[in-house]
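What TrEMBL says about this one:
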- 70, 71, 72, 146: substrate binding site (BINDING)
- 131, 133, 143, 221, 233, 237, 239: 2-oxoglutarate binding site (BINDING)
- 177-197: compositional bias 'Basic and acidic residues' (COMPBIAS)
- 124-242: domain 'Fe2OG dioxygenase' (DOMAIN)
- 1-26: region 'Disordered' (REGION)
- 171-197: region 'Disordered' (REGION)
């Protein structure tokens, strides 16, 4: 079964609901200590999302770079491309410095940026990291986007196209949390705390997930392997780089 047929089969059968209503239906998860996640399950209409998926899959200058992780060189487990406004500092991560394309190089990205800005009034994204997961073996390990170029409370908006994947958040360990795991803590309290310290979201075709506040300081996130999946997912991650 093709990816498009698979996503259509799993889509909400209520296709008569207006796109505006779908856009307004969102969930806000308060993580505590000034951190929160906003999730919009259908920001982009179903057909428009496929139009953009086809463009992204075939026209983006994808590359799969070699990066350094824990002192070792390895092939990044996903394709990537970087787009940024003029005058921003160079992006460097895991020893890799991607070429920065401009928004004018890939005009449909400006339309997508406009749709994200419209959904998030007050946001001013000026950079975009695109990732393509060509199957379930492509993934993102646990990490946080806490680079200084994004500031202390960055807003990071993640827009998904294609195959749905699971996205996880977990609280970063701290001395206080480690102390609470002592034998004196009851099992019921420990289970409740562990539940509060972990969250998961299913990132569907056309959905938008936004991390805000101190989420990057206090939380880790990942997109784990799912070996039985063979379909492609494309993710656009919008950020604001400080000058």
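Positions of Cβ are set from backbone N, Cα and C atoms, glycine also.
Features recorded in TrEMBL, as mapped to the structure shown.
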residue : record                      : Cβ neighbours (10 Å)
70      : substrate binding site      : 6
71      : substrate binding site      : 6
72      : substrate binding site      : 7
133     : 2-oxoglutarate binding site : 25
143     : 2-oxoglutarate binding site : 12
146     : substrate binding site      : 17
221     : 2-oxoglutarate binding site : 23
233     : 2-oxoglutarate binding site : 24
237     : 2-oxoglutarate binding site : 18
239     : 2-oxoglutarate binding site : 21
Please work out the number of neighbouring Cβ atoms within 10 Å of the Cβ of residue 131 (2-oxoglutarate binding site), leaving out its own Cβ.
20
Distance check, please: Cα of residue 239 (2-oxoglutarate binding site) against Cα of residue 72 (substrate binding site), rounded to an integer number of angstrom.
28
Distance from residue 143 (2-oxoglutarate binding site) back to residue 70 (substrate binding site), taken between C-alpha atoms, in Å:
13
Mind checking how the domain 'Fe2OG dioxygenase' (124-242) divides into helix, strand and coil residues in DSSP?
22 helix, 49 strand, 48 coil
Hey, how far is residue 133 (2-oxoglutarate binding site) from residue 72 (substrate binding site), Cα to Cα, in Å?
22
What mean pLDDT does the predicted model reach across the domain 'Fe2OG dioxygenase' (124-242)?
88
What is the interatomic distance between the Cα atoms of residue 131 (2-oxoglutarate binding site) and residue 71 (substrate binding site), given in whole Å?
23
Closest of 71, 72, 146 to residue 233 (2-oxoglutarate binding site), Cα positions, binding-site residues only:
146
For substrate, with binders 70, 71, 72, 146, what's the maximum Cα separation in whole Å?
22
